[in-house]
Structures are given as C-alpha cells and as structure tokens.
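Novice: The structure follows.
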Amino acid sequence: MAAAQEADGAGSAVVAAGGGSSGQVTSNGSVGRDPPAETQPQNPPPQPAPNAWQVIKGVLFRIFIIWAISSWFRRGPAPQDQAGPGGAPRVASRNLFPKDTLMNLHVYISEHEHFTDFNATSALFWEQQDLVYGDWTSGENSDGCYEHFAELDIPQSVQQNGSIYIHVYFTKSGFHPDPRQKALYRRLATVHMSRMINKYKRRRFQKTKNLLTGETEADPEMIKRAEDYGPVEVISHWHPNITINIVDDHTPWVKGSVPPPLDQYVKFDAVSGDYYPIIYFNDYWNLQKDYYPINESLASLPLRVSFCPLSLWRWQLYAAQSAKSPWNFLGDELYEQSDEEQDSVKVALLETNPYLLALTIIVSIVHSVFEFLAFKNDIQFWNSRQSLEGLSVRSVFFGVFQSFVVLLYILDNETNFVVQVSVFIGVLIDLWKITKVMDVRLDREHKVAGLLPRPTFQDKSTYVESSTKVYDDMAFRYLSWILFPLLGCYAVYSLLYLEHKGWYSWVLSMLYGFLLTFGFITMTPQLFINYKLKSVAHLPWRMLTYKALNTFIDDLFAFVIKMPVMYRIGCLRDDVVFFIYLYQRWIYRVDPTRVNEFGMSGEAPTAAAPVAEAPPAAGALSSAPSPTTTTEAAREEASTPPPSQAPQGPSSASEPQEAPPKPAEDKKRD
C-alpha cells in the first residue's frame with residue numbers, strides 16, 4: 001500500500017498541474033533490549049505512504065538551502081585581496097542608490113521582451129513619483145507599500161498563446177528611463193528589470209470513454225483540441241497579482257563571489273564595479289489553482305501590481321524557495337509536480353496555526369527517524385530469518401502482486417520518472433523477500449524457450465512442517481470469501497460508471513482502485529495466525545512499533561495538511577489494525593523466561609543450563625531451609641496425596657524425577 005498511496009498522490013499532482021481552474025482570485029499578499037533475530041517474524045504488509053510526509057520533506061529541504069545561504073553570510077565579506085581578471089585586487093562594491101535616495105517607478109506592459117517604445121502611452125501601466133529607497137513607513141498602510149490595479153486590453157497575439165512582459169524601471173528623481181532622452185537619462189541612475197508575467201503550463205488530455213456504451217463526458221471542444229494538438233497542449237495561463245520588491249540592502253558585494261541563487265539578482269556595472277539596487281519579482285504566494293488559461297474569449301486581463309521594500313533576510317528566503325530543483329534533468333513533468341507540492345506547503349503555512357505547524361515539523365523529523373529504523377529492521381529481519389513459523393508467506397506474495405499492479409498503473413498513466421524509480425525499487429525489495437520465504441532454484445535442464453533457466457519455487461521445510469501453513473491457507477481461504485465478491489462488485493461499478501482509455505487501462509485502474517480501497521484487508525491473515533497460535537512471540541515488535549508510531553504521525557499530517565477524505569480514512573483503518581495487534585499482545589502475554597511453541601526463549605542462552613537438583617546422599621550435610629521454602633513445601637505436601645512407601649537406598653537418587661505440572665496459566669497459553 002505504501003507504493004500505491006505514493007503513486008496515487010503523484011498521479012493526482014500531475015493531473016492537477018495539467019490545467020488551471022478559474023477559481024476565485026486572491027490578492028498577492030506578503031507573509032510577511034532488542035529481541036534475537038530468530039524470534040522476529042514477518043511484519044504485516046507495508047502501510048500507505050504518507051503523501052503529507054512528502055510535503056514536509058520538501059519543507060526540510062528548503063530549510064537546508066536557507067541555512068546554507070545564511071551560513072555564507074555569517075562568514076562575512078570575501079577578502080579584498082583576491083585577484084581580478086586583470087591581476088588587480090578585487091574590492092568590495094557599493095550600492096549605486098544610497099540610503100534614502102529619492103526615486104521614481106515606471107512600469108510598462110508590452111508583448112516584446114526588449115522594450116523601447118517609451119513614447120507609447122498605452123504601454124505605460126503605472127508611474128509612481130518620489131519614492132524613498134529604504135522607506136518602510138509611507139504608503140496607504142504605513143508599511144512602505146503601494147499598489148495599482150487596472151484592466152489590460154490584450155492583443156490577438158496574446159489571446160493566441162503569445163507572451164506578455166512587464167518592464168520595471170527605477171530612476172533617481174529627475175531622470176527618465178528612455179536612453180534617447182540624452183538630457184534626462186543617466187546609466188548609473190537607472191535600474192531596469194523585466195519578466196514574462198504569463199505562465200505556460202501543460203494541459204493533458206486523456207481520451208477516455210465508457211467501454212460499454214462508448215460515451216464520454218469530456219467537453220467536445222476539448223476533444224477537438226486534443227485531436228488538433230495531441231494529448232499534451234502548452235497553454236498560456238494568467239494570474240492577476242504580482243509584487244515588485246526592491247531589496248533594502250547595502251552589503252559590500254564582491255563581483256564573482258556572490259553565492260547562488262543570489263548571484264542572478266545582483267547586477268554589477270561594468271565600468272564602476274558597483275551594483276544596482278536589487279529588484280525582485282515576487283509571485284511566491286500565487287497559488288497554482290488561481291491561474292486560469294488565456295484564450296480568445298478574454299478581451300482583457302486584470303492586473304494588480306504592488307510595490308514593497310524587502311529586507312535582505314526575507315529576500316534570501318524567497319530566493320531559496322524559488323531556486324530551481326537540482327532534479328531538473330529529469331524532465332519538465334517534475335517541475336509541475338514540484339509546483340503542486342509547493343502549493344501544499346504554502347497552504348499549510350497560510351491556513352495552519354503556527355504552533356501546530358511548528359509541532360508538525362518537529363514530529364516530521366521524528367517520523368523520518370522511525371521510517372528509516374522500520375526499513376532497517378525489516379531488511380535485517382528478512383535477511384537473518386531462518387524459520388518461518390508464525391509468518392504469513394502468502395502475504396508476501398500478495399505484496400509482490402500489489403507492487404506490480406502499482407508499477408504498471410503508474411507506467412500506463414505516465415507518472416514522472418522519480419515515482420517510477422521509487423516504485424520499481426519497492427518491487428525489487430518485494431521480489432527479494434520471496435527468496436527468503438521460499439526455496440528458489442534455477443532448473444537448467446528444462447529451460448524456457450530453450451534459452452533461459454526455468455525458476456522453480458518450493459516451500460521451505462520450516463513452513464511446511466509447521467501449523468503455520470495450515471493457518472495461513474485457512475486465513476486466505478476465509479479472506480477470499482470477502483475479497484472476491486468485493487472485487488467483482490468494484491469491477492462492475494468501474495465498468496458501468498467510470499471512463500477508461502481501453503480494456504488494459506480498465507484492468508489496471510480497477511485493480512489499483514480496489515487495492516487502495518480494500519488493500520488493508522490483506523493485513524488480517526497475520527492477525528488470524530496469531531489468534532490460532534494464541535501467541536505473538538514471533539512478531540518483531542520493535543519494527544511494528546516504529547510503523548505504528550509512523551501511522552499515528554500520518555494521522556497528524558492528514559488532518560493538518562489538506563488531504564482527500566479517502567486518505568484520512570485509510571490512516572484511520574490502519575490505526576485500527578495496529579490496535580488489534582496491541583490487543584493481541586495484551587491477551588497473549590509473553591513470559592520471556594518460558595520456551596514458546598517454536599522452541600525459542602526470550603532469554604539469552606547460558607553456558608550451562610540449570611538441571612534438577614538430586615536428593616542429597618545419605619549422610620550429606622545440607623543447609624537449613626528458609627522459612628519461605630518450608631512454607632511452600634508444607635503447602636505442596638498438604639495438597640498432594642502421600643506417596644507409596646518405596647525402599648530407601650542410594651540408587652533412588654539417580655532415578656529420573658517427574659517434571660512438575662505446568663501452571664494453569666501456561667496450559668491456557670498452550
């Protein structure tokens with residue numbers, strides 16, 4: 001189930017990234033003692049992987065980037081005796097706009113990436129005079145921020161998937177950004193930055209239909225576009241908010257020593273060596289769900305541009321968050337999924353109580369430790385396991401079948417490469433477990449197609465000769481009475497009410513959906529074996545404890561971060577199964593000093609086992625019995641009939657004595 005849940009989360013991310021919804025538009029805000037190996041049995045099938053945990057791992061990765069950048073700043077500026085290209089020492093630069101510089105803001109909107117038409121009044125979107133560099137108290141809300149809203153009349157080229165750019169110029173007071181106005185233009189008094197404000201996103205279309213009727217609920221226009229442009233179409237999308245930040249920073253940067261990703265924003269003048277004020281286009285809080293496609297039905301587009309000062313520390317945070325993923329070589333599909341994961345993080349930051357969010361991040365670190373320990377104990381358990389008593393071997397085979405179904409499903413749905421690799425590794429681990437629960441040999445006499453050796457599978461003797469196989473077969477026979485009718489009902493429902501690409505896709509999606517919904521039932525055979533054996537001594541409780549704790553942490557994530565209802569129900573039902581394990585541990589208590597039904601004990605073996613004491617020989621000296629021993633002996637003598645008179649002699653000491661009967665509690669356990 002772990003791989004199934006992971007692929008389900010990744011698949012939904014890809015579908016969501018495919019199209020933008022014209023939902024409600026929001027304004028762009030600034031947010032601001034370990035048992036021996038032979039006593040450890042098989043664990044139940046893997047639990048569903050927490051999709052929310054993937055989100056938290058993304059947060060931790062970004063925290064690491066921020067820490068790395070902050071660590072660089074704590075080192076102080078680079079030494080000034082570094083040699084430059086010409087052999088001259090590099091010196092620290094300064095900001096071309098000193099503190100409290102009076103400046104003007106000019107914002108132009110254009111279809112062209114390089115803007116030159118300063119005389120076109122239609123291109124001028126916003127002009128703000130007399131701004132003070134480093135002023136944090138002006139503006140409508142006394143926070144140094146200003147904003148401007150207007151409707152943009154878009155040309156036909158933009159309606160037909162063209163690009164649109166925003167060009168921002170900051171000039172010192174009294175100067176103009178147009179280089180053709182020689183008297184009013186100064187190169188060192190003008191800073192310019194431009195950016196494409198529309199965003200191209202992939203919209204995927206899968207041609208599906210009802211396999212019985214041949215009908216589909218897809219939009220006819222979408223079907224036509226899929227026939228014209230193929231299953232993947234790149235469409236321009238729009239978000240009406242963008243923030244222009246000017247960083248209030250006067251750090252003596254040294255050219256060539258600015259660390260990434262900050263180096264792409266710090267621009268140096270080639271002549272003076274000083275750097276221009278840092279302009280940053282901030283769209284971090286623009287959620288993907290608020291983007292909508294641009295088409296010919298839109299004659300105008302709303303645009304709200306905000307201007308705010310930004311501190312150096314917050315700029316480092318935004319730059320680290322916006323840095324490109326190191327996995328960009330894996331394809332653009334990973335970018336789209338990364339955008340969706342970042343949206344989950346942003347929603348959690350905006351909608352979750354800060355204390356609860358901090359607690360969640362702390363617990364997530366504990367989750368990662370438990371996840372690693374559970375995986376390590378699982379591998380160690382199967383690698384060192386010699387006996388299969390008490391283990392459900394059929395559950396291992398069912399896990400392999402389940403992993404193969406998930407792998408074929410994600411391949412059929414073209415999930416991104418990272419998920420495919422992770423699921424494939426899970427399949428290899430499940431296949432390796434088969435070699436630990438069965439004797440696998442290669443028959444080189446009867447080859448497949450006369451070329452490849454034929455693999456043969458045979459049950460291990462420790463499994464066949466024990467009662468575990470009988471109980472395992474019985475458990476799966478009872479389980480089939482439930483699973484097969486449910487599978488048939490789900491197959492009929494999927495065929496009647498759902499759409500599919502073809503019969504192959506229907507089989508995979510039906511099996512995949514069935515495993516997601518009812519796969520937890522396959523955890524019950526181990527419970528049944530425990531019940532029939534009246535023992536849990538064979539279970540690896542350390543690994544089960546790690547998995548149980550992780551499941552409870554999953555519950556926290558599922559209710560803190562937005563998750564589908566079925567995922568939350570899945571976490572709850574896994575909790576129920578673990579509580580049943582705990583209940584069995586309570587009613588089938590294990591005495592660590594008692595040898596269980598498999599001939600194993602929880603105590604470490606000693607060099608010499610204790611033997612029954614023989615009666616002392618005649619004339620031998622013995623110590624006086626303690627009062628407790630005397631009392632117990634008196635009680636035993638009173639509760640047993642007097643033995644028949646036997647001749648006393650030295651030979652009686654060597655006769656074997658009958659072992660005392662087991663207590664009633666031990667009989668009940670047996």
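In case you wondered, yes, glycine gets a Cβ from its N, Cα and C as well.
Predicted, not measured: the structure shown is a model, and the values here were computed from it.
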Novice: For Lys376 and Phe578, give whether Swiss-Prot records them on the same side of the membrane.
Specialist: yes
Novice: Might you list, by sequence position, any residue in that chain lying six or more from Asn161 (N-linked glycosylation site) with a Cβ less than 8 Å away from its Cβ?
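Specialist: Non-local contacts for Asn161 (N-linked glycosylation site): Val234, Ile235, Ser236, Ile294.
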Novice: Restricting to the topological domain 'Cytoplasmic' (376-390), what is the model's mean pLDDT?
Specialist: 74
Novice: To the nearest whole angstrom, what is the C-alpha distance linking Asn241 (N-linked glycosylation site) and Asn119 (N-linked glycosylation site)?
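Specialist: Taking the Cα atoms only, Asn241 (N-linked glycosylation site) lies 26 Å from Asn119 (N-linked glycosylation site).
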Novice: Could you state the CA-to-CA distance between Asn295 (N-linked glycosylation site) and Asn413 (N-linked glycosylation site) to the nearest Å?
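Specialist: Per the Cα atoms, Asn295 (N-linked glycosylation site) and Asn413 (N-linked glycosylation site) stand 28 Å apart.
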Novice: Quick check for the class: what is the C-alpha distance, in angstrom and rounded, between Asn413 (N-linked glycosylation site) and Asn119 (N-linked glycosylation site)?
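Specialist: Asn413 (N-linked glycosylation site) and Asn119 (N-linked glycosylation site) have their Cα atoms 52 Å apart.
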Novice: Minimum Cβ neighbour count within 10 Å among the glycosylation sites Asn119, Asn241: which residue?
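Specialist: Result for the glycosylation sites Asn119, Asn241: minimum number of other Cβ atoms within 10 Å at Asn119.
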Novice: In the topological domain 'Extracellular' (499-502), how many residues does DSSP call helix, how many strand, and how many coil?
Specialist: 0 helix, 1 strand, 3 coil
